[in-house]
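Per Swiss-Prot, the features are:
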BINDING   Asn10, Arg21, Gly195, Gly216, His217  3-amino-2-oxopropyl phosphate binding site
BINDING   Asp12, His13, Arg48, His53, Thr103  1-deoxy-D-xylulose 5-phosphate binding site
ACT_SITE  His46  active site, proton acceptor
ACT_SITE  Glu73  active site, proton acceptor
SITE      Glu154  site 'Transition state stabilizer'
ACT_SITE  His194  active site, proton donor
Amino acid sequence: MNKELLLGVNIDHIATIRQARGTRYPDPVQAAMDAEEAGADGITLHMREDLRHIQARDVRLIKQVLQTRMNLELAVTEAMLDFAEEISPEHSCLVPEKREELTTEGGLDILTHRNVVEKAVRRLQLMGSEVSLFIDPDKEQIRAAVDVGAPVIELHTGCYADATSEEKQHYELQRIKEAAEFAASLNLVVNAGHGLHYHNVKPIAAIRELNELNIGHAIIARALFCGLKEAVRHMRQLMQEARLYVND
């Protein structure tokens, strides 16, 4: 029997809409509660250093009201680690960050920044947080994740999602499959996310080694037309359908 694939709903772009006008609405706290009610297994928030969407207040309030769990994405900086220390998130994910990017453009380079990443992992673990590293589907980066003591990785699916041809998409899917298999063989918990939407999620969801998908922009965009709860339910349905037909 195939294990259930979890869905983490990223609600950053609820805050993006709010910050565009500097209003008090729409409220990410309400979005988190609605996503949970619709079946989300967790809520993911990326509090960027430039505070372009999620604010510290959002994180504090959501931490108080969640019935599931919060996954806090953060850059490897003193300011963000200090904030995480205050919040003590159940789950945290270290991600690369550039101020000029529209969205996260690639995975964390553990090989280049090993000492800094290792210290951050240890610090978060001392807070009681389960630490994940957002990395490209690359075996050397996966080995490095093990070396710095992270129990969880999240594979960056952006190249797969952005592929402009079937050949390129197939190539990127194979990279993710092989990376997931390799990581699982090293006893890592393997999650995935970035750029996944309703038309490309099934091949990723069918990868048996994956534990959780983190999806945000596509769900929030669909919610504009059908409501957030229905958007979450539909994504869960597609993921479940993909898992149903994976051979044991």
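These residue numbers are counts, starting from 1, taken along the chain as shown.
Each Cβ is built from the backbone N, Cα and C atoms, and glycine gets one as well.
Using a 10 angstroms CA-CA radius around His13 (1-deoxy-D-xylulose 5-phosphate binding site), the recorded positions that qualify from Glu154, Gly216, His217 are Gly216, His217. Using a 10 Å Cα-Cα cut-off around Arg48 (1-deoxy-D-xylulose 5-phosphate binding site), the recorded positions Asn10, Arg21, Glu73, Gly195, His217 reduce to Glu73. Other Cβ atoms within 10 Å of the Cβ of His53 (1-deoxy-D-xylulose 5-phosphate binding site), summed over all protein chains shown, number 21. Using a 10 angstroms CA-CA radius around His46 (active site, proton acceptor), the recorded positions that qualify from Arg21, His53, His194 are His53.
In this structure, the C-alpha atom of Arg21 (3-amino-2-oxopropyl phosphate binding site) lies 11 angstrom from that of His53 (1-deoxy-D-xylulose 5-phosphate binding site). Counting only same-chain residues at least 6 apart in sequence, those with a Cβ under 8 Å from the Cβ of Asp12 (1-deoxy-D-xylulose 5-phosphate binding site) are Thr44, Leu45, His46, His53, Ile54, Gly216.
Close to Asn10 (3-amino-2-oxopropyl phosphate binding site) in the fold, though at least 6 residues off in sequence, lie Ile43, Thr44, Leu45, His46, Gly193, Asn214, Ile215, Gly216, His217, Ile219, each with a CB less than 8 Å from its CB. Taking the C-alpha positions, the distance from Gly195 (3-amino-2-oxopropyl phosphate binding site) to Glu73 (active site, proton acceptor) comes to 16 Å.
If you take the Cα of Glu73 (active site, proton acceptor) and the Cα of His194 (active site, proton donor), they are about 13 angstrom apart, rounded to a whole number. Cα of Glu154 (site 'Transition state stabilizer') to Cα of the residue listed as 'active site, proton donor': a span of 10 Å.
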